[in-house]
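A.B. asks: Here it is, the structure, as structure tokens.
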Amino acid sequence: MSILAWIEDQRRLKLLNAPKYSHPTSDGSQGLWTRCDQCGVILYIKHLKENQRVCFGCGYHLQMTSQERIDSLIDSGTWRPLDEILSPCDPLEFKDQKFYTERLKEAQEKTGLQDAIQTGTGLLDGIPIALGVMDFNFMGGSMGSVVGEKITRLIEYATQEGLTLILVCASGGARMQEGILSLMQMAKISAALQIYQSCANLLYIAVLTSPTTGGVTASFAMLGDLIFAEPKALIGFAGRRVIEQTLQEQLPDDFQTSEYLLHHGLLDLIVPRSFLKQALAETITLYKDAPFRQSGLIPHGFQAQLSLVSQEKIRREFQRLEHSGETNNVSYQQLLVSFENAIFDLTKEKVEKDLLKQLVQEKNSLIDTASTNILDWCFKN
């Protein structure tokens, strides 16, 4: 009997004697050994984790769990998760071979997560950031209503606090079990990003890992101010066979790889996993000191002081002014005047409106969102 066969027998014996439901395993691994998806070499999982799940033989980047990714990017002890308790439901009472609720329960027990993403804030080499990391082990990293809601809340929080946003993508696309509710997350996230990027002038970096496909690719994954990717990552929208059948032609061998996309101008940089944290830190620092930085149009704390109803009134008034052609660059100072009558009867918000006017009148009330935030990025001069 070979040593590998003996180890496999011991693993099976241990599984037979184990309780039916043990601790949730976030790494998705079984036993002590695994194989590289690229070259097939046998890898010792402990050493593989120490090497950030990069194959020793060919350098292929295997899938990481969301927690492993967070540990590799965020400074120790600085991670603060957001919206951990959000959990998906089954609005369509969907059933294929299993009920959707059963699939959710199995994925939650397997990964220890409520859904396919972790969001939060932390320090990256001393720089405060807002970070979202998708986990492919949870139903293929599919994007449902909870994933979309958590990403949107993270973007809005980053907008209010003036934080750089980093989203690490690993997904098979929108979650079919939630139907149109999953598809609408694409538009919701994109709308939040438009405010974050165009109105607050903040930096959003998308990091694409293997695989990033479907609705995630068609929305926030490709909307980054900068788009990074890992080597040989699978990135695309439709599957290779579907495209070949549609075009009736053979596609290149490296089609839908990060190298192919970089060559055709769809990516900004391919970064090895071992260098990703340093590359992100240097990029954010470069953006902070860039000569073309601009101040955002949104006074600090503006969004946090308004109810959802007033936010919607501002958005509609903003669209009305833009479509009427009254101005090409409507500022929030103009909006405060234009919707005064709309909130006149709301006593609480009328007081808040007066406070906001005072904020706008103060010269320093607008954050220089491209170079600072309330934490001053923890840089020591």
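Every residue, even glycine, has its Cβ placed from backbone N, Cα and C.
Remember, TrEMBL labels are computer predictions, not curated facts.
Copying in the features that TrEMBL gives for the protein in this structure:
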{"type": "DOMAIN", "residues": "32-302", "note": "domain 'CoA carboxyltransferase N-terminal'"}
{"type": "BINDING", "residues": "CYS36, CYS39, CYS55, CYS58", "note": "Zn(2+) binding site"}
{"type": "ZN_FING", "residues": "36-58", "note": "zinc finger"}
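Each of the listed features needs to be described in terms of its position in the shown structure.
C.D. replies: The Cβ of CYS55 (Zn(2+) binding site) lies under 8 Å from the Cβ of CYS36, GLN38, CYS39, VAL41, LEU43, LEU48, HIS61, LEU62, each on the same chain and at least six residues away in sequence.
Taken together, the residues in the zinc finger (36-58) have a mean pLDDT of 90 on the 0 to 100 scale.
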A.B. asks: Relative to the Cβ position of CYS36 (Zn(2+) binding site), how many further Cβ atoms are located within 10 Å?
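C.D. replies: Result for CYS36 (Zn(2+) binding site): 18 neighbouring Cβ atoms inside 10 Å.
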A.B. asks: Identify all same-chain residues not among CYS36, CYS39, CYS55, CYS58 whose C-beta atom falls within 8 angstroms of the centroid of the Zn(2+) site's C-beta atoms; report them in sequence order.
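C.D. replies: Not counting the recorded site residues, we get ASP37, GLN38, GLY40, VAL41, LEU43, PHE56, GLY57, GLY59, TYR60.
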